[in-house]
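Student: Sharing a structure below in structure tokens format, with a few things to ask.
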């Protein structure tokens, strides 16, 4: 890596912007140059600019980059161009490639923190096109490290050589030497690794112990306990299934009963609704009658004539009213027209008079206006000249006063200059104070860093002591927990003793399974009896019904036989009557045939042949009409008798049929009842045969006897209730004992956990005590460092009569010194500036005196001119008054013009008003004629409509229109009544249909007859079953939870054992590592690593030391990790301590060590630029010559070397220099000086 150029601005005391190029003359012409300037001028800022431009960090004490920005500067930046070697992947050749890295920051211009620094930014571009490579505060330093092969720490060691630190290292005590070496070589990581390995091993050991104790505290169920729990779980599952089936049957019955109850309720509600609607119908009849009258009066045949008659009436009244209003308005319109005509005549006369006056006065007023304009112009010029003259006079007076005041100020400035001269002489000792601030600042930063380390460790020590108190309190608390848990276990034992006693009493001569089985058997037997009881009841009821029907059949048999006999007699009589009727009818037909021959018989003549038979003797010539009529009467009488007999026979036959039908129905119902009773008895016997009750012999002699079944049912129910109660009591006791067992185990677990926690707390107490001891040693070390830095700072503050505060912050001391330095520079600048100002103001005072005399002469001439102008103005005013005495001719002209225009407008207004009145009068007259014609038409229409209305009323049956209108209802009322009648009819029909539907549905639903129990009884049984099921579920949950917890505990135990094995292996690994490198203070591995690093560093340094001088070789003291010796080859390879070296020799050795560290840090990179900061101030002339000879030999290795120093001999020896020179206001300038002394400014 080679630095090509650096460009920066506003860093510390260097405002810039500055550009320093190392690849152009004169810096490129030599491999060695010096960076010179007084102390505090800003030489080291150049190295800071390189570091911050590449890595965004400051190498000195790792300060915040914001501290570099110049005060009140709006921005700051640093841009570094560097060159690295890159290998082309395609060709395999190595080329030099240049990059430019930039860091920048700006101050905020708005917001609450206006003036504060914003976020800094970085970017990296590549030559020659400067295309962007990467940007960002993290990405750019990483990329720079990748390109150069150096991270920030390696860059600080390899490019910015710590020669001064190695010079201090060679002569420092052992403790300080260790800290310096750790800081220079970045081997502090080994100390941290040693502590980390030690603490990690302790942590792993503690984790293993905790895991072992946790596994030991885990309790698992035995196989016997698990089998017992599984058997109980199976039994409970069977009971749950049985409960589920019973619950389903009860739910079906409850649903049927609920629906039936709902149907009964709906049926009652609907019946009440129908009755209410019938009552409402009677109540609504008057309103419905009103609606009928309205509909009759509102019929179409009558509504139209009524509406037309009303329209005709309204039209006639409206026309009559409009005609009267118009007739009343016509006289007023005629009068208004005459008034408008008079107004027009008067306006015309006034307008003509005003126009004549305006024409007469216009020429006179125009001339007066011209004269007034001339007078105004003259007056304005006079006023302007007077104002100018007055201003000039005031300015002259003011200038005279200022001239005298300047004279006094000049005297004061002269006195101030004398005072400043005296002050600067008195404070001449502060002339270099600005250059001393940077050195003091560096020492204070070191002091603050050490104090920060002390404060950090004291805070940690305080925290650990606080933790130690908390550990003691925690230990007491855990021991209290242990005692409480053991006491709780004993209390739980005492609480469970009554439960165990009661449980033993319940299980006397039996087992839990037998007790539960007895309750289940009794429940099943009771349910069987409940199924037998309906069948026995049904058999009994059916048999009673069959017996009742048999009695009814026997009772109805005699009546039926009598009726059958009567019907037989009536049928015989009817047959005889029919035969008689047939005989009478035959006789009647014969008689009627004879009667039909009467006409021929009357025509027979004696001795003449008969037309029918030809006989000449007519024996039957007599009339037979009377006999035929009598026969007809007999036939009719017989027919009437037969009809009565038929009616009697029909009635008796119907009665017989009814009685026979009823008898057959009773016989059929008796047979059905007998069959049903037999079926019910058979079903009862079958159900009774299936009933079994282990351990008892139930007596059920007559399964079809309801009384016997009910008696056995009551006995069994009492036994079943007692058995179920015992089972529930046992379950309750078991549950309570299980809860107590869980509490007992939980208390045991708590006690075990408290014991394990006690052991952990004791281990934490040991670890805390160990860490407190370690912190005590570290505190002692950092307190010594802080005392060293504090002593150095106090030495620097002594000459300025200031004392370092007892504790930070120390900004007040630095601010005081900076204010003193700034004030001194300000006073010196003020003196020079004051001298220049005094000379300049004396010259100005003399010139101003001459100007005042010239102004006095000009003022006298201006006074005479103003007097002449005043006389001319007065003469113009007299001429104007003689021509026209009025004040304002323009206003008078305008007044005449406005008056004429107003009168002309009045004439036009009067004309428009007169025309409008005439037009309105004509319109009104025409409207009058039109209204009179319309009124006649309205009268005719009114007469016609009333005639039509009278005819319509007569047709509708109304005497008058008032009678019809009285029946009419308002539309809303009529609509309401109509809608109410429709709603009533609809509701009545719907209620009737709903009543019929509900009756049918209730009948069909009731036929199912699933259970005689009521809803409350069914609900009670379900609740009892649900309560029993809840108990079963609780037992199931408790047993399942125990098994699940045991399964989880077994799995956790297996996983814990595997984890314990892995943890023990991990613990062994960390113990082995801690045995090798671990220690509580971290010195074990750190000293070993520092010894190896120092040995390697000594080998690399000897290679450089041989190039510088062949006399010495650096030797690491055997068995002493941090001590170096020197072999003097000129003294027969004598081994000497480093303290025996002279100043020049120490410089060579420390320089060789710094170069060795550079090679060690940059072993992967090619370093072509080196900068050595300070280190020459303590050398005597001979040592300085030796050091310079070494540097001149070093430049021949091809490296560019920059040496920072303020030593005069060094500056004289190295011709090419970058010179940093302080200036006014605390700012410095940067220049490049070549070997012949030519200076070139770096400002751009």
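Here, residue 1 is simply the first one shown, and the rest follow in order.
Each residue, glycine too, has its Cβ placed from N, Cα and C.
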Student: State the residue range annotated as coiled coil by TrEMBL; the candidates are 316-353, 354-391, 392-429, 430-467.
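Tutor: TrEMBL lists coiled coil for residues 430-467.
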Student: Please find, within the list 634-657, 658-681, 682-705, 706-729, the residue stretch that TrEMBL describes as region 'Disordered'.
Tutor: 658-681
Student: Pick from 125-176, 177-228, 229-280: which range does TrEMBL record as coiled coil?
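Tutor: TrEMBL lists coiled coil for residues 229-280.
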Student: Going by DSSP assignments with H, G and I as helix and E and B as strand, what are the residue counts for the region 'Disordered' (658-681)?
Tutor: 24 helix, 0 strand, 0 coil
Student: Taking the coiled coil (430-467) alone, what is its mean pLDDT?
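Tutor: Mean model confidence (pLDDT) across the coiled coil (430-467) is 78.
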